[in-house]
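Annotated features, as they stand in TrEMBL:
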DOMAIN    37-182  domain 'Oxidoreductase molybdopterin-binding'
REGION    1-29  region 'Disordered'
Amino acid sequence: MPVTRGFFRKRPESPAGRLPPGQYDTGSGWPVLTAEATPRIRPEQWSIAVDGLVERPTTWSWDEAHALPRSSYSGDIHCVTTWSKFDVTFSGVSVDELLSAAGPGDDARFALVHSSTGYTTNLPLADLTGGKAWVVWEVDGKPLPTQHGGPARLLVPHLYFWKSAKWVSRIELLAEDQQGFWERNGYHDRGDPWLEQRYQGD
Ligand SMILES: Nc1nc2c(c(=O)[nH]1)N[C@H]1C(S)=C(S)[C@@H](COP(=O)(O)O)O[C@H]1N2
Ligand SMILES: [Mo]
């Protein structure tokens, strides 16, 4: 009986298995989604603050942030407008590093993340801890382009990409959830792409 060669060979992993429901692979493209005018921020003007319900409100300059232990993410990102992008590498600092310096208070449960432009987005604090969130200034080994949030943006790749605030300037810890820009306009407070939490009520 003839044996079909390759019959038992493992099929390459279907990219569909990496795509959350309702998403498509944007391939080599990287759409730009910006609600406000793109700001030009020189690195020496940029800083990141962690404040609100913390023991030690702390601000890091560009140089101070770069002196912290470097941390990277390689993987996929998912935008609520249905594009996903596979295998992007971002580098910067883990949000855990910033939080451990600032010392979240016992009553800190949520974060409102601010951009210097006024854009805001809210997250449960638990989505910013445990190696799941970064402040990044490099993508695929190059400085983060201005239109993608350079000199530095938040990166929370396990949630829809609107949570990844471009031109991030401040992480404010809160006891109660306080909605950000898109959340006030109907987007979900958490935004897990695997649960398809696109809109309020999903
Ligand atoms: N400051 C700021 N950050 C932002 C946005 C924005 O409009 N302003 N858009 C969000 C949305 S909806 C998405 S999908 C991603 C888009 O990032 P990109 O333009 O680098 O693809 O940034 C998020 N962060
Ligand atoms: Mo988005």
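Placed from the backbone N, Cα and C atoms, the Cβ positions cover glycine too.
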Inset, instruction - Take every residue in the domain 'Oxidoreductase molybdopterin-binding' (37-182), average their pLDDT values, and give the whole-number result. - result: 98
Inset, instruction - Using DSSP, tally how many residues of the domain 'Oxidoreductase molybdopterin-binding' (37-182) sit in helix, strand and coil. - result: 27 helix, 61 strand, 58 coil
